[in-house]
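Look at TrEMBL and you will find 1-354 tagged as domain 'Major facilitator superfamily (MFS) profile'. Summarising the annotation, TrEMBL assigns transmembrane segment to 23-47, 59-82, 88-106, 161-185, 205-226, 233-253, 265-289, 326-349. Sequence annotations record features per position, and here TrEMBL assigns region 'Disordered' to 383-405.
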Amino acid sequence: MACTGFICAFFPQKRLFGFWPSYLIYTISRFILACSTRGIAVTGFVLATELVGPKNKFLTAIIVQYFFAFGQLFLVTFAYFIREWRRLTLTLSLFTIPFTFFYFLLPESARWMISKGRYKQAEKLLRKIATTNKKPFDEEAFERLIQEQKKNTADQSSEQVGVLTLFKSTIMCIISINLFFQWFVQNLVFYGISQSTGSWGFDPYLSFAISAFVEILSYIVLHLVLNRIGRKLPYFVAVLCFAIIALMTIPIQNLMLKNSQKQKILIFVMNVLLKFFAAGSYAIIYIYANELFPTGIRNTGMGICSMVARIGAIVGTTSNDMLTRLWINLPTLLFGILSLVAAFLVLMLPETLNKTLPQTIADTEQMGLTCIRVGNKQQKQAEPELNEDHLLSENLKTQDDIEMK
């Protein structure tokens, strides 16, 4: 990300290198830059949540969302004072340099090590974390965890962990495809709405700043309710409210007196609400998907979700340009209908509140689906997971969430 950022700032020089060399190098660099930023966003989010226990898992996830919005405020501030794109790109690239040293500071995920059978490395890391946090290292819990993991590995020895693993069983396939669709819709909606902030009737920089503040407000509300109510219900409410408001903007724009003061105020309020619910649902699906994919393929599942999400972002931003040529309200209609479908599809997914991060495919399947019942077997088979989170919560200085359960 650091290297390609500087290349994008310096290399496009038509007079020095010619048009086509400049264009090709810039395009390739932007492509690598996009891969880097999305890779950092997904793997960083997964690593952060896997390094903590159940109690701090949500706090860690929501803090990532806060900084996403803060980043937008920094961006609009720099863009306001640095109006030339080359200097702006160079300035933003300078901020990426310190993060290259995170490789030497951040530990690997203990959960991932355990899922891959790297028990000695995991034990060494957990002992170091336990010592740092002045916590005792539970030898017996760690040994039970190893035995449980070996048993799961033996049961699934014939399976190859990879992309195809997401589709091998009925429940895992339904969960994966549903989450892919949810990410597609949320990115289509989020970036489609975010791109249209320029039409809010204010200075573009001010509109962008208001949009970022609305996001922060949305995350504050989620911070207060998400760990009390759950993931599925707030996500359903946010997506459903977005769909209703999006569809309501069509009669308001067409039936009220055009460019009247009342219409402008009402449309602005509805645009703010659309941004509020779009930001909220986008944040929740990040957390929700991370808690549904098992450790062995969590990065894979989140990576595919992010890839599908980019397609949604392309469709959303393109819709604001192409579809408005057919009908001014067509993008809004598209956002509303897709959100309505997404809201009802999410109802079949399981709730993940107060549940441990699944280690294996079987753990995810035991959560079940609303349309496919697993039965009483789910609770009995889920009990061994307490060993892992007892160990991780002790050594990673996490909560007594397991004991409360």
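Including glycine, each Cβ sits where the backbone N, Cα and C put it.
Please treat TrEMBL annotations as automatic predictions, because they have not gone through curation.
With a cut-off of 8 Å on Cβ pairs spaced 6 or more residues apart, the transmembrane segment (233-253) and the transmembrane segment (88-106) reach fewer than 3 such pairs and are scored as not touching. Between the transmembrane segment (326-349) and the stretches 59-82, 161-185, 265-289, the greatest number of Cβ pairs separated by less than 8 Å involves 161-185. Of the candidate ranges 23-47, 59-82, 88-106, 161-185, 265-289, 59-82 contributes the most Cβ pairs within a distance under 8 Å of the transmembrane segment (205-226).
When each of 59-82, 88-106, 265-289 is checked for Cβ pairs under 8 Å to the transmembrane segment (161-185), 265-289 comes out on top. Proximity of distant same-chain residues to the transmembrane segment (59-82), defined by a Cβ-Cβ separation under 8 Å and at least 6 residues beyond the stretch ends, is recorded for 44-45, 48-49, 51-52, 88, 91-92, 205, 208-209, 211-213, 215-216, 219, 222-223, 226, 279, 283, 286-287, 290.
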